[in-house]
Amino acid sequence: MSKSKCSVGLMSSVVAPAKEPNAMGPKEVELILVKEQNGVQLTSSTLTNPRQSPVEAQDRETWGKKIDFLLSVIGFAVDLANVWRFPYLCYKNGGGAFLVPYLLFMVIAGMPLFYMELALGQFNREGAAGVWKICPVLKGVGFTVILISLYVGFFYNVIIAWALHYLFSSFTTELPWIHCNNSWNSPNCSDAHSGDSGGNGPGLNDTFGTTPAAEYFERGVLHLHQSHGIDDLGPPRWQLTACLVLVIVLLYFSLWKGVKTSGKVVWITATMPYVVLTALLLRGVTLPGAIDGIRAYLSVDFYRLCEASVWIDAATQVCFSLGVGFGVLIAFSSYNKFTNNCYRDAIVTTSINSLTSFSSGFVVFSFLGYMAQKHSVPIGDVAKDGPGLIFIIYPEAIATLPLSSAWAVVFFIMLLTLGIDSAMGGMESVITGLIDEFQLLHRHRELFTLFIVLATFLLSLFCVTNGGIYVFTLLDHFAAGTSILFGVLIEAIGVAWFYGVGQFSDDIQQMTGQRPSLYWRLCWKLVSPCFLLFVVVVSIVTFRPPHYGAYIFPDWANALGWVIATSSMAMVPIYAAYKFCSLPGSFREKLAYAIAPEKDRELVDRGEVRQFTLRHWLKV
């Protein structure tokens, strides 16, 4: 007996399909050929449904085009940290040698986790909370990542507002951070760089503490000199508030109609950075000292691989650079067609992310080499990470170029677009996660989106006060550090162990027609959870309180930071306790309903619980 499948349209001349008035979606004809002994072949045919989601009946929006989804994922994953953090870590940790642990962790943990989130969202077609129908007791993980994305929105939008402020300030014949003759400059400001002149007060980059660029950022934009600390914030600055309003308006109109609108916005925001990076690279490599900077970036010191800090930096960079754990990948992939090849998407997008991080290092260090030669200092004196790189050092380098205003406009447009699509992803995670969980919100998406963006705007106002940089630093340090690593760890355990890597692989095969290989199943089951556990433990053991330059945060501020961090992590045990207590029956029955997928409810009713068998936990 042999079986073959073909579409109804192609078989219309051979088989007349039965009509089903209420049938939804395309059908397939299954032909069964039976060869009898007399040589006569008889055929029978039946109509079968093609692969479809368990929730296919729901009227769920999908991406207008496949490229909309890919650009959205790439735009979210490739953010400002690709420009300001990876190149610095590579330089700091042995240059090209750093790529060894980075690529290793990317292959054994980063890609598998990325693939897992895409498949999880696409199969279940719900946001970060709704997907936990696969293990109801762990739905708190969904609320953890939603809350983290909301926290990040409170301060991430401020970075975009800074970039917008710089962009507006660049439309002049002379950039405002070139000289020390402005109203915001202090008597200590000096156009001439001095390698040891930067110890006079707080700053992102002590070496550049008294340059016009540093004073423009800290005194002209932030007005940090008018604050004595986090307990002396002062009023919001109207210029930054206006920029923040523009950012919020842009985010709202990009998100209010769902992926149909955001999928079009990313055509600009996700592609523009690559155009600008290419232009900056072509300009940077022609500058004097650029080769020295690139040589410093790529210099290989394999002895550094013997240091634990190098491996720790590589592990944390992999975790944060891909954007797993924010619920964004789950939200985006939930709008895919059910049969979309999420495996290929995972490979393509993670590869593009890593290549972007690596190539941006050539752009950054060509300019840093130029700055080092210009001021006759070692590259280590100008090689920094964080906001100081893109708002102090890079603007100062651009200011020395011919047509500096034009280059500044180009650079800050890149920062603006890098930030916008990442912020859109974070907001979409919150919106999709909650409207899928609460159907009342689903019917009023536009109003709920307005509520979310207004809430983030109001809380972001604390970050645009005179002392707002202290609030920004506190949130940046606590909101998405250990908490997001914890969330991803529980997520990996929930999918691979409680739901089962075998069942998860069956789901992927149902979608794509291809079962994940043993490599991916081993990574999900063993390697990725162990990797995440290692990173969580290391992040706790190596924790250092936040600081901004010479400013040390008071104890109450650090306590507030831990409240922020633990508030998101607490969603896991709080919801688990609520779910367990709300279920009827004995302890065993409660446990069965809590850890078994909702689709297995009938099996649980009959006492057939996969999770109560040893085979389930050992299966790979």
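Indices start at 1 and increase along the chain as displayed.
The backbone N, Cα and C atoms fix where each Cβ goes, glycine too.
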Residue from N124, N157, N181, N353 that Swiss-Prot also lists as binding Na(+) 2 with A77, D79, N82, S321: N353
Matching residue for the dopamine site, where Swiss-Prot names D79, S149, G153, S422, A423 - out of F253, F320, F531: F320
Same membrane side per Swiss-Prot: I508 vs F543: no
Same chloride site per Swiss-Prot - residue from S357, S359, S360 joining Q317, S321: S357
Cβ neighbour count (within 10 Å, all chains shown) around D421 (Na(+) 1 binding site): 27
Subset of recorded positions (C180, S321, N353) lying within 10 A of V78 (Na(+) 1 binding site), CA to CA, in sequence order: S321, N353
Secondary structure content, the topological domain 'Extracellular' (543-553) (per DSSP, counts of residues): 0 helix, 4 strand, 7 coil
Cβ neighbours of F105 (site 'Contributes to high-affinity binding to cocaine') where a neighbour is any other Cβ within 10 Å: 22
Touch test for the transmembrane segment (554-583) and the transmembrane segment (57-95), at least 3 Cβ pairs under 8 Å: no
Of 128-171, 237-256, 257-287, whichever stretch has the most CB pairs under 8 A to the transmembrane segment (401-442): 128-171
Intrachain neighbours beyond the transmembrane segment (517-542), with Cβ under 8 angstroms and 6 or more residues off its ends: 105, 108-109, 112-113, 115-116, 312, 315-316, 319, 481-482, 485-486, 488-489, 492-493, 495-497, 501-502, 504-505, 620
Fewest Cβ neighbours within 10 Å, where candidates are the recorded positions S149, N181, N188, N353, S422: N181
Leading stretch by Cβ pairs under 8 Å, where the reference is the transmembrane segment (307-335) and the options are 96-127, 237-256, 257-287: 96-127
